[in-house]
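A short write-up of the structure that comes next.
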């Protein structure tokens, strides 16, 4: 039976035929590899090129690159894969492996120094490589383990962060000439250079600036540079002033990026955390307040920078424990990394221990059972810290005093007003200026000043809001938040005459950045809102017109009440307007993020496309649940917008600082004081000594102070004779000794201005140059092992009789070097 034909359907009733979208071409494996590898090739090739263009011989550059690749990254990666497994991708494996390589190098260096086999140090990776070649069960660690491939955007974003870290390094060293030169080096660099030379010698080590004194300092950064110099043959000054800092910063950034990606589960969180942790700076929005210690990477403090990759790797191991994953052989990393962190920077480990203790307590309370493994790690780290304090900590640790608001004593508004008469005194539980004046005006300025400093840290503190949501159920959030809170608390509640309390805060800034980036990922806000808010913060920082500070009063006017009050009022007005800009940025960022996210959600709802990502899912959720959910999502959008804007402003601040340093001829370590310049001739004389003296020779010198002329209560932090000369001195400079630090404030003088710790020894040393006798020279030689006399006519009178008693071996500029037989 024939079927009746279907009735015709009007053409207008038919749904429109949508063209089949063209399927994107899937790139080949080779194309993916090329696209992912290109940024790495560019970054890794650019840094050696910059070194070479900066005057470092190509042979030295090549040797240093080979040193990092073959003696740190390769053996470290193999060992890290063996004890913790592969991350499933090469960049993160190499980052963790390089941090492990730094740890292994310390062990090899200590063994060489203990046995006098430093000449064999360059071969320490060979046994490691042979083991991984010979043992069948270890051969698989030559390959990357299974895992999900990293997105192409991750490679480009992380390489951009590494390029910005290289820019930061270049901005710091471009104005710093290699010796010899007419230049005033920052004293801490010369101090560390002397330690680098010292740590090329056998145990036990001495303080090179005061021979015979045991070395008690967190010197492992100097041990790393000493190892690099011994292995490569590159001069220690070149390693310290040019080569070492950027690769160490890169390793810290890679470890941080890998940990952030693991915790947040979003690829973009890794590069963001690395950028916010190592490239950013506290945003000013035009504020005239100069912020102390802008970021964790510090060119003049090698110990601070060197501690970062070790601390981040230790944090990753602690996260592994808190997540309940078995450590296996990675247990061996905990005491080793703990001791390495304590020896790299004594202030780096305590905040992490505090955070781990807090996480252990929270896990105990929530789980209602003792997390023995976590407490085991905690006990191990406490033990490592105790051992490290015995081995490394010097007098600087004892100079830290409990003093809430002590931080403001290092800020200009307080120094120009109520703190003008603080001087070198420690004071009691409060800054002396507040105790002395104690009125409403003093407390108002102190409160506003402290609040302004905290306000500039908000991009790094925002991650603590994870504890306000579901993140409080995650012990890792408590670990990171506790470490950040502990570091901040010590910085705010203590006082050090050189603001060294900030070194408890600086190491945890990467952890704070990780938390803030993780918070953004937890908001589940779409990328258009985050990008828009981030751009708003960036533009606000770059184009905010600066506020002028009040006129600086003359020194003798700071104690006049009317001048002090007027200056304080001027600072209050400037800081108040700066805070208003912060408030305006926060409001605008919240509104912008809500608007952008709402527009995206509305568009998804109108299109009816519930599978179009986050916006589509939100639209579907709103249709089901209505207004309460809408309010919650708007609040989440506002929070994400504020955090993104603050991070954008912070990144803009850090990058702009590096760019400005590159564009101008200003030394980022401060304007060079002509009075402190060491002449080219003086440096040549010290370098001659390094070339011709035996490694264990001892020098006597009349150079002690900055400026070079020796006067009572001078600044005894010269350090360039031992730093450039590379030999121990009977008495060079004592400004950083335990004895000087212990008497800070005595007779109104700061610790670098205190008299030498051994007056009789110092008197003997000075007589040799001003009124030499054969008996004094014999005493120097027999009692102190002196073989060389380094006489600088700019430092003080040099008797012509000295040339008769000790033959001249070299002259350069104002320096005459005598040999004592």
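Even glycines carry a Cβ here, placed using N, Cα and C.
Heads up, TrEMBL stuff is auto-annotated, nobody curated it.
Features reported for this protein in TrEMBL:
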TRANSMEM  33-52  transmembrane segment
TRANSMEM  95-114  transmembrane segment
TRANSMEM  120-138  transmembrane segment
TRANSMEM  239-260  transmembrane segment
TRANSMEM  305-322  transmembrane segment
TRANSMEM  329-345  transmembrane segment
TRANSMEM  440-456  transmembrane segment
TRANSMEM  476-496  transmembrane segment
TRANSMEM  502-520  transmembrane segment
TRANSMEM  527-544  transmembrane segment
TRANSMEM  579-599  transmembrane segment
TRANSMEM  633-655  transmembrane segment
Taking contact to mean 3 or more CB pairs closer than 8 A (sequence separation of 6 or more), are the transmembrane segment (239-260) and the transmembrane segment (502-520) in contact?
yes
Apart from its near flanks, which chain residues at least 6 from the ends of the transmembrane segment (502-520) lie with a Cβ under 8 angstroms of it?
252, 256, 259-260, 263-264, 269, 272-278, 280, 292-293, 295-296, 298, 301, 304, 307-308, 311-312, 315, 345, 347-348, 350-352, 355, 407, 459-466, 471, 477, 480-481, 483-484, 486-488, 490-491, 530, 639-640, 643-644, 647
Cβ contacts under 8 Å made by the transmembrane segment (95-114) with residues that lie 6+ beyond its boundaries:
68, 71-81, 84, 87, 120-121, 124, 128, 199, 201-203, 205, 220, 223-224, 226-227, 247-248, 250-255, 257-258, 306, 309-310, 312-313, 316, 333, 336-337, 340, 343
Could you pull out which residues elsewhere in the chain have a CB under 8 Å from any CB of the transmembrane segment (329-345), counting only those six or more residues past its ends?
82-84, 100, 102-103, 106-107, 218-221, 303-304, 306-307, 310-311, 313-314, 317, 320, 352, 377, 380-381, 383-385, 387-389, 391-392, 503, 507
